[in-house]
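Engineer: Structure below; questions to follow.
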Amino acid sequence: MLLYAQGLRAIQFLEFFYGMGTATDIAYYSYIYSVVDINLYQKVTSYCRSATLVGYTVGSVSGQVLVSVAGWSLFSLNVISLTSISIAFGTAWFLPMPQKSLFFHHLTSQRLGCEMKVMDCKNGAAVQDHPDVQRAPGWEDETKVPLNGEGASTPKQKVDIVKVLKDLWRDFLQCYSSRTMLCWSVWWALSTCGYFQVINYAQGLWEMVLPSHSADIYNGAVEAASTLLGAVAVVVVGHIKTSWAMWGEVALALFSFLIAAAVYVMDTVRNIWVCYASYVIFRIIYMMLITIAT
């Protein structure tokens with residue numbers, strides 16, 4: 001649609017499908033948690049987001065170079081984008097399917113309670129195993145899902161939809177009875193909306209500040225710098241050993257204030273370089289916070 005569609009109605013449909021595609025990010029970021037041990041959640045979260053940001057950086061740099069140096073048209077860049085997305089779509093079909101989840105194809109409650117560590121939604125700490133339970137070496141690895149389909153076979157369970165819905169409702173009440181969980185969830189919802197508003201309209205603002213027909217623009221380079229630095233920040237956050245249950249709300253308040261200040265400066269100061277710098281700061285801080293929230 002971006003290549004060939006024209007008119008307001010086409011743009012509205014385009015934005016609708018873009019929103020649908022963006023909403024599927026939750027499936028991408030949730031998939032990895034079903035195939036790794038719970039102790040690796042913080043690291044794999046940073047790795048997944050870093051991979052996304054690095055890819056965005058490569059795309060931004062390539063686009064800037066192809067337009068500024070090679071003289072390619074924007075239509076050609078859209079063709080490359082469509083090709084890349086098509087390859088990613090095909091690759092997704094070859095990813096191994098999770099063999100268990102919290103609500104479907106899960107272990108029995110007794111085994112699940114004994115062999116998995118679960119997050120305590122009340123305080124953000126991990127629930128420890130019972131000290132009287134004897135463990136064989138390497139028992140933690142039993143909670144992982146074998147990606148090659150090998151391992152002990154378990155009888156297929158018939159999915160009880162009513163039971164699944166009850167489990168979902170019970171976990172919903174348990175999780176959101178936590179003030180910390182509620183604060184982060186509300187922040188996530190509101191900040192994500194604001195984030196997409198900013199990145200979708202930032203280049204329109206830059207066009208008003210410095211029209212592209214009157215000067216050289218570096219929008220692609222700025223996008224690349226912001227995503228690359230964001231990826232670095234995400235990796236650093238993924239390796240920080242701290243109790244986010246204790247310091248999370250302080251970080252949330254402080255960095256949210258800095259995000260708001262960056263957006264305000266970008267809108268009020270009519271200097272393209274100030275706009276660029278504010279945008280980079282905005283994206284770095286947002287990526288850090290969204291990784292902490294995850």
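Cβ from N, Cα, C; glycine included.
These came from TrEMBL, pasted as-is:
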type     : residues : note
TRANSMEM : 72-95    : transmembrane segment
TRANSMEM : 180-197  : transmembrane segment
TRANSMEM : 217-237  : transmembrane segment
TRANSMEM : 244-265  : transmembrane segment
TRANSMEM : 271-293  : transmembrane segment
Engineer: Which stretch, 180-197, 217-237, 271-293, tops the Cβ pairs under 8 Å count with the transmembrane segment (244-265)?
Structural biologist: 271-293
Engineer: In the same chain, who gets a Cβ under 8 Å from the transmembrane segment (217-237) while lying at least 6 residues past its ends?
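Structural biologist: Distal contacts: 46-47, 49-50, 53-54, 56-58, 60-61, 63-65, 67-68, 203, 206, 210, 276, 279-280, 282-284, 286-288, 291-292.
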